[in-house]
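So the structure is just underneath, and the comments pick up after that.
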């Protein structure tokens, strides 16, 4: 009986794990981001403020949701950081900067590899090709931090996302984070100010309340049915095994009674012979 109960519980858990869509993998590339990103602030402080870093930038990055630009931006960040690394490799005074950039290059390369391994339906092609631009260090690494945050929240399962369509009124002057240099006040890893600013607004735009409710309903129904199926399988197995267990117990009792009768008969014969 104990084995039967254990099997029923195991069956239910397997049903939940295999068929429950609420069990999702979020942040699939989160483990690729190491603590080395904390050195970004130190690197920005070491670089001259008037230094310009080349980057192929996706137009409208601050208007579009992250799934529209994340793949392209990560690839372009890898190219720009690699070029920056090559420039510091020949400068003996910049060994500290070289070490930091080298670690950042490895992180970005790992993220590119992670995105290739986990092809997400959320990731779409940018509506425009990247444009070559030059950024001050703090603006460049602001884009870096935002891309890191977007990748840390990347999911493998497609969700309701907005279309990657640029507003017709978008212009370089309105792309404020590109044209205006702001104090580098971002936390090295989370970039919380950005998350509270543009990232949050993008996510809200990409997942309206109505769509979110429908999405949760669509996930909850299969989860409920999978739970019912698990209980049904467990009940059927118990019902099938219960008669066998009853018959086995009865057979054991009959065998014991037969053995007792045989022993009594044997003793009776021995007594008669004496």
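Glycine residues also receive a Cβ, built from the backbone N, Cα and C atoms like all the rest.
For reference, Swiss-Prot has these:
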type     : residues : note
SIGNAL   : 1-25     : signal peptide
TOPO_DOM : 26-215   : topological domain 'Extracellular'
DISULFID : 29-114   : disulfide bond
DISULFID : 68-164   : disulfide bond
CARBOHYD : 90       : N-linked glycosylation site
CARBOHYD : 97       : N-linked glycosylation site
CARBOHYD : 145      : N-linked glycosylation site
CARBOHYD : 196      : N-linked glycosylation site
TRANSMEM : 216-238  : transmembrane segment
TOPO_DOM : 239-274  : topological domain 'Cytoplasmic'
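The separation of residue 145 (N-linked glycosylation site) from residue 68 (disulfide bond), Cα to Cα, is 17 Å. The distance from the Cα of residue 97 (N-linked glycosylation site) to the Cα of residue 145 (N-linked glycosylation site) comes to 18 Å. Mapped onto DSSP helix, strand and coil, the topological domain 'Cytoplasmic' (239-274) counts 35 helix, 0 strand, 1 coil. For residue 145 (N-linked glycosylation site), the Cβ neighbour count at a 10 Å cut-off comes to 24, with all displayed protein chains included. Counting only the Cα atoms, the space from residue 29 (disulfide bond) to residue 145 (N-linked glycosylation site) is about 14 angstrom.
Recorded residues residue 164 (disulfide bond) and residue 145 (N-linked glycosylation site) have their alpha carbons 21 Å apart, per Cα-Cα distance. Cβ neighbour counts within 10 Å, taken over all protein chains shown, single out 29 as the most crowded of the disulfide-bonded residues 29, 114, 164. With respect to their backbone Cα atoms, residue 114 (disulfide bond) and residue 145 (N-linked glycosylation site) stand 17 Å from each other.
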